[in-house]
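Visitor: For reference, the structure I am asking about is given below.
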Amino acid sequence: MGKNKKVEPKKDKVDTGAEDYVGDKKEFDPSFSGPRGIKRKPRDVPCVIIFLIFWIGMLGVGFLGVNIGDPTKLIYGFDSNEVMCGVGTTTLFGCPSGTTQDMTPFKNLYWPNPSDINTRYCVSKCPTALLETVYYGPDNNTLINGIPGGTSEVLYKCVPKLLAELDSRTDTGNDTITLGDLLDNPGKVVEYFLGQAYEHWPVIAVSAGVALVVAFVWLIFLWLFAAVIVWITIVGIILGSIAFTVLMYIKGGVIDATELTSALNTGLNYIIGVANSASIFLTQGQLTNITAGNASIASEISALNDVMDSVPIDAKTAEILAYVFTAVSIILLILFCALIKRILIAVQIIREATKAMFRVVSMIFFPIITYTWVIIFAAYGLAILIFLGSSGSFNPFTLSFDDVKSEDLCLFLRLLGYAESLLNSTVGVQANLTSVNFTIPGPVMNTLMVYHLFGFIWTFELVRAISFLSIAGSVSVWYFSRNKKDVSRFEVFASYNRALRYHLGSAAFGSFLIAVIQIIRILFNVMMNRLKKAKDHPVVKFLWVAINCCLKCLKRFIDFLNKQSYIQISIHGYGFCKGAKEGFFLVLRNIARVGVVGIIGNFVVLLGKIIIGAATGLLVYVYFEYIIRIEETPVFVVVLCALVGFVIGIAAMQVFDVAIDTIVICFCEDVERNDGIEKPYFMSDNLRKLVGGKKKNKADP
């Protein structure tokens, strides 16, 4: 009994996460051997059934969309007279009866005035010259602002381009409009970039492998130097805050640079005097170095004072900022001193996450499976949305003309819409052309599109949830193994099998919650964007922003709850609700520890994404510039490779992020369950040194 009394206080001391806790602490269980020892059964089965039924409905919607939709409407587009470009034969509106036109050659959609997207025409070839002689309107004397007919074809659309011989043009109101705002031949730019990508596609493909190698190197670097990175960052933030505070004091006139120099001189002389009085005699060389250093500091402060005088901040504002950042610096120092042990634990947890990833090395490649499913579902989902979106009909407004004969109007439409001879013609026609708008599908079609979109989001979130469960499961198996070498390097696939076999319903439940919030946000923003004058009202704007903010915060909270639930599910085989409850309360009991690890972990993850992407781009640049010595480095290819590296970095760091989250939860549960003496920890010896406890019999690999 006496021995037990000595153990319990030590356990309480070890649990530094919180003084008070919520929920029931995890109790010691001698039979607990980690996730592989749990007897599992399928959980949340009704959610799987509902998901499958929902997908049957999605397949029905997809079948309907394919049968009634026509994507060519979106590819080629329609002109202002509801005529589809590039498809079939049509009767020319306003022409004598029987006047038809084969639209097959006229595949490109052209806007004479880019600022009026509702007035558009089908043309066989995008105009390449400036139209300045076309007049129409009630007064028959209205210049159409020198129509920028110089265009370039991009995806069957005539996009305006900048004419090299013109710097500016004048509209009918005599206001000068600079053409520098227009894009210079976007079609050629796109063609040039695509040509570069096609020419160097092997380099782009290899860059994915290069990025993966860089990711491995970065993980090794974290394993070896995580502490250095974290401490340099923390100390740098504190010193930066202090330095900014001093600069603001100088700018605000609270501290004089001359007085600061004098104080430094006094301080250094005092240090020399103390050293001499303590019989620590300094050599002449050391005294010379100190004096020279002091003079250099004084010179730098004087130069800094001159620089601060040029900073565009008034003295009062600088003084206020100085006081604010004084408080910030003090708070940072207090937090640093109070959380130093938790920072040490956080650094070690990051190192443990890298060790887990190197042991179960297959989890680094696991995102390939995730992204494959995402691409498949995204391709299907977007294709069906395109079919559904192209299933509407056209409802043209009435065209009104002022005393214009049908023959003249027919000529006008022929010239303007279906011939390039307009470039050398002058046509005077009095007409008010109104646009033809694409009719939004009816309520039933809108409902089907929302239904399909919701299913797409739900499926996407489900794929992410299964991925999270698989990675968390393999990391938790590694953590709770007494001998880490017994863990298979392909443990992630065993965890993937457990997730699909037993926890698909729990994943469907969590992903459903996220999908509901996402679809509410989308519908809310669509509704607000359809408002006309009302959406510019200050109250409406405030409500728009406030509701969006609330929905975003709610999504983040559900994301957090899902993570905790999935980790508990991967460890203990709970259902979703029990996993969420246990995980949430475990975090509350260890809020400080989890918070510190979360902040430091997020920083390291973000840094990793940036470094992997930048390093990949840099290596590709070095390859072009110094290895094959290409005459003109394809900048677009370098940027594209950097983006590929960034995507690979996101995938690798997502796995790393899940590993960190799982390790910290396993660590908190380990500390609650065990005391490190009679109840041995599962954690590694490096973590055990930070919390106390007996060393394991078997050393960690």
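Every residue gets a Cβ built from N, Cα and C, even glycine.
Okay, these came from TrEMBL:
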- 1-27: region 'Disordered' (REGION)
- 45-66: transmembrane segment (TRANSMEM)
- 201-221: transmembrane segment (TRANSMEM)
- 228-250: transmembrane segment (TRANSMEM)
- 320-340: transmembrane segment (TRANSMEM)
- 360-388: transmembrane segment (TRANSMEM)
- 453-481: transmembrane segment (TRANSMEM)
- 502-524: transmembrane segment (TRANSMEM)
- 594-623: transmembrane segment (TRANSMEM)
- 635-656: transmembrane segment (TRANSMEM)
Visitor: Please give the sequence-distant neighbours of the transmembrane segment (320-340): residues at least 6 beyond its ends with Cβ less than 8 Å from one of its Cβ atoms.
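Guide: Here the qualifying positions are 234, 237-238, 241-242, 244-245, 248-249, 251-252, 254, 313, 592, 596.
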Visitor: Examine the transmembrane segment (594-623) against the transmembrane segment (228-250) and state whether at least 3 Cβ pairs sit under 8 A, considering only residue pairs 6 or more apart.
Guide: yes
Visitor: So if I exclude everything within five residues of the ends of the transmembrane segment (45-66), which remaining residues of that chain have a CB under 8 angstroms from its CBs? That is, six or more out.
Guide: 380, 384, 387-388, 391, 448, 451-452, 455, 458-459, 462, 504-506, 508-509, 512, 576
Visitor: Return the stretch with the most CB pairs under 8 A relative to the transmembrane segment (201-221), choosing among 228-250, 360-388, 453-481, 635-656.
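Guide: The listed stretch sharing the most Cβ pairs with the transmembrane segment (201-221) is 635-656.
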Visitor: The transmembrane segment (635-656): which same-chain residues, six or more beyond its ends, come within Cβ distance under 8 Å?
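Guide: Same-chain contacts beyond the flanks: 193, 196-197, 200, 203-204, 207-208, 210-212, 214-215, 218-219, 353-354, 357, 363-364, 366-367, 371, 471, 605-606, 608-617, 620-621, 624.
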